[in-house]
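Following: one structure in structure tokens, then a few remarks.
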Amino acid sequence: MWRRVASLSPLVSRSKSRLLDQVQVANGFNVWQVFSTQVLNPTEGGVSDRRRTPLVTFVLGGPGSGKGTQCTRIVETFGFTHLSAGDLLRKEISSNSENGSMILNTIREGKIVPSEVTVKLIQKAIEASENDRFLIDGFPRSEENRIAYERVIGAEPDIVLFFDCPVEEMVKRVLNRNQGRVDDNIDTVKERLKVFTELNLPVIKYYSEKGKLYKIDATGSEDEIFERVRPVFAVLR
Ligand SMILES: Nc1ncnc2c1ncn2[C@@H]1O[C@H](COP(=O)(O)OP(=O)(O)O)[C@@H](O)[C@H]1O
Ligand SMILES: Nc1ccn([C@H]2C[C@H](O)[C@@H](COP(=O)(O)OP(=O)(O)O)O2)c(=O)n1
Ligand SMILES: [Mg+2]
């Protein structure tokens, strides 16, 4: 069975940068108060046994924490289908759908698109796939996202990965990303970090308390990080 480890390790070490101060805090809750859960010894009844319904992993972390990069590695090694909420939304923009301009404006401002839009896109993508293993990347980004998913899909995720990365490193990675994204600029990044702290950290805390969260140190090389991710999925083979 899933086992929770009692040790409550802070998500990130304290740092005193100005940017960090700007993005910290929301409603009396802040990044330092979230704790991780480690799962030891998954055996009978664990995620490896649930093969009839799709196996869903939510992949969370701030902008630039390396979610997409590590998802690619997980897909290559463990055969998941990668559904990036951001990519699905960007596809909607480029396909000139009726929601396209609303989505574009929301992303440009660093805010979160209404849950019904995003959940529908995820649902469609799951239904269109023959796979039974999904990485849902960048979702849920808020409690509203999480609740809408549970309502529409009627299930909870099996695993939640959280890529834990210092703010300075996330900012550096985003500003160097070079993919021509409208939201990869310093002003929007500040807003996205604020939104992450205020709306996404409560989701991370929720899954931590449910015993589903794997906190991954997202510093170091891509290879080093993947070696921290690998054991989470190795038990599923
Ligand atoms: N471990 C790493 N060290 C340095 N740069 C990285 C690392 N992992 C990813 N990157 C780079 O950082 C940027 C953001 O990574 P990405 O996977 O897109 O993050 P996210 O999906 O969390 O926003 C990309 O340009 C990526 O190539
Ligand atoms: N669940 C989601 C996921 C993304 N979005 C929007 C808002 C986000 O800032 C952008 C970009 O998301 P994306 O996951 O691609 O961004 P990062 O990989 O974290 O840099 O999309 C959303 O509104 N709701
Ligand atoms: Mg991404």
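The backbone N, Cα and C atoms fix where each Cβ goes, and this holds for glycine too.
Taken straight from TrEMBL:
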- Gly64, Ser65, Gly66, Lys67, Gly68, Thr69, Arg177, Gly220: ATP binding site (BINDING)
- Arg90, Lys111, Ile112, Val113, Gly138, Phe139, Pro140, Arg141, Arg181, Arg192: ribonucleoside 5'-phosphate binding site (BINDING)
- Asn145: CMP binding site (BINDING)
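For the binding-site residues Gly64, Asn145, Arg177, a Cα to Cα distance of within 10 angstroms from Ile112 (ribonucleoside 5'-phosphate binding site) holds for Asn145. Listed binding-site residues: Gly64, Lys67, Gly68, Asn145, Arg177. Those with a CB atom under 6 Å from ligand 3: Lys67, Gly68. Taking every protein chain shown into account, Lys67, Arg90, Arg177, Arg181 are the binding-site residues, and of these the Cβ with the most other Cβ atoms within 10 Å belongs to Lys67. In the three-state DSSP scheme, Gly64 (ATP binding site) falls into the coil class. The ATP site in the record is lined by Gly64, Ser65, Gly66, Lys67, Gly68, Thr69, Arg177, Gly220, and its two most distant CA atoms lie 17 Å apart. According to its DSSP assignment, Pro140 (ribonucleoside 5'-phosphate binding site) is coil.
Here Thr69 (ATP binding site) is compared against the binding-site residues Arg90, Gly138, Asn145, Arg181, and the shortest C-alpha distance is to Gly138. The record assigns Arg90, Lys111, Ile112, Val113, Gly138, Phe139, Pro140, Arg141, Arg181, Arg192 to the ribonucleoside 5'-phosphate site; their largest pairwise CA distance measures 21 Å. Annotation note: Asn145 (CMP binding site) sits in a helical segment as assigned by DSSP.
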